């Protein structure tokens, strides 16, 4: 029998990934609105296409890092990745069928999985790119990150989780914090110039439409997180992984090995084959697959949108716009690759609630940029979100 051992919480590596994810999301949000409002490059679908196609870089960069800094060979890493994916995709087969076909990579099932992942992941992302044109960044960030609440509801149904009092209270507290920030957390900064006030109003022409699009995206993204954890991610939660295949990662350094020594699962019996993967390699490979699928499939709507005048195709006309789009791509790669890593390790509830901290950072960035003025509601909502994540983190660790 072939087994793959599970990672637990990821130690310092997962925590550093989490920090990078929340800062990258704030950067991506601010840059996206800057490009489409201040610079006037309002081509939401093309921006979405470019940014999501750049996900292709996730796996090559991770693989190159491992080859340069560890003793693992290219063949060993790819063989382990292939073996882990093969087991994961044949997990629902009978024991006899899985044993008989585990040596053959299920290419057709893998391609179908990538297509479905791309569709589920792209729809809410595209709605988000459109929403930032119409609504303030703080509103979009707050409503988008309410996916923590929807992820919790979907987890109860699809992952058969029980209604835990601690998690339920934390999710409701975080959701209340989101609502507080949206409706009482910020006010437009008062300017002395009438022209400046007109510019601020013009930057968010239809906040209700933007908020509505973001809400739909939030629900879909909450569903995606749970489906990813259930059907795609390698089992990492001991509770969910019981009786199934397992996975573990190879520490990239002696420090990481010591950090995670107490979290290491028992070794498999000697007659089993263990596929060992470095931390985050599997989700980064899937992120790259989404990027490849986006590049070769989702270009098709571009000429259609241009032909019917829905979104005219036009390349950036100056280097400032090009540089800003490159920044969106860079932060987008960091956020999405890191988020998928955390989704597999921490699960949808903790990860989505943790990402609510981006609301606090976005609110701070809005204050620094002079877009909004801080109110008592903003401080209260931010405190509720931080408190909710603290409760969940304590419950998990």
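Glycine is treated like the rest: Cβ placed from N, Cα and C.
TrEMBL has this to say about the protein:
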TRANSMEM  9-26  transmembrane segment
TRANSMEM  46-67  transmembrane segment
TRANSMEM  74-91  transmembrane segment
TRANSMEM  111-135  transmembrane segment
TRANSMEM  142-159  transmembrane segment
TRANSMEM  165-185  transmembrane segment
TRANSMEM  206-227  transmembrane segment
TRANSMEM  285-308  transmembrane segment
TRANSMEM  320-339  transmembrane segment
TRANSMEM  345-364  transmembrane segment
TRANSMEM  371-394  transmembrane segment
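Using a cut-off of 8 Å between Cβ atoms, the transmembrane segment (165-185) and the transmembrane segment (345-364) share at least three residue pairs, counting only pairs 6 or more apart in sequence.
Cβ atoms under 8 Å from those of the transmembrane segment (285-308) belong to residues 45-46, 49, 52-60, 81, 114-115, 117-118, 121-122, 232, 336-337, 340 of the same chain, restricted to positions at least 6 beyond its ends.
Two recorded stretches are said to be in contact when at least 3 C-beta pairs lie under 8 angstroms, sequence spacing 6 or more; the transmembrane segment (345-364) and the transmembrane segment (74-91) fall short of this definition.
Sequence-distant contacts of the transmembrane segment (320-339), counting only residues of its own chain at least 6 positions beyond either end whose CB sits under 8 Å from a CB of the stretch, comprise 17-18, 20-21, 24-25, 27-28, 31-32, 34-35, 39, 41, 47, 50-52, 54-55, 57-58, 62, 280, 283-284, 287, 351, 355. Put simply, of 9-26, 46-67, 142-159, 206-227, the stretch with the most CB pairs closer than 8 A to the transmembrane segment (111-135) is 206-227. Outside the transmembrane segment (142-159) by six or more residues, the chain places 128, 131, 167-168, 171-172, 174-175, 178, 181-182, 185, 211, 214-215, 217-219, 221-223, 225-227, 229-230, 240, 347-349, 352-353, 355-356, 358-359 with a CB less than 8 A from a CB of the stretch.
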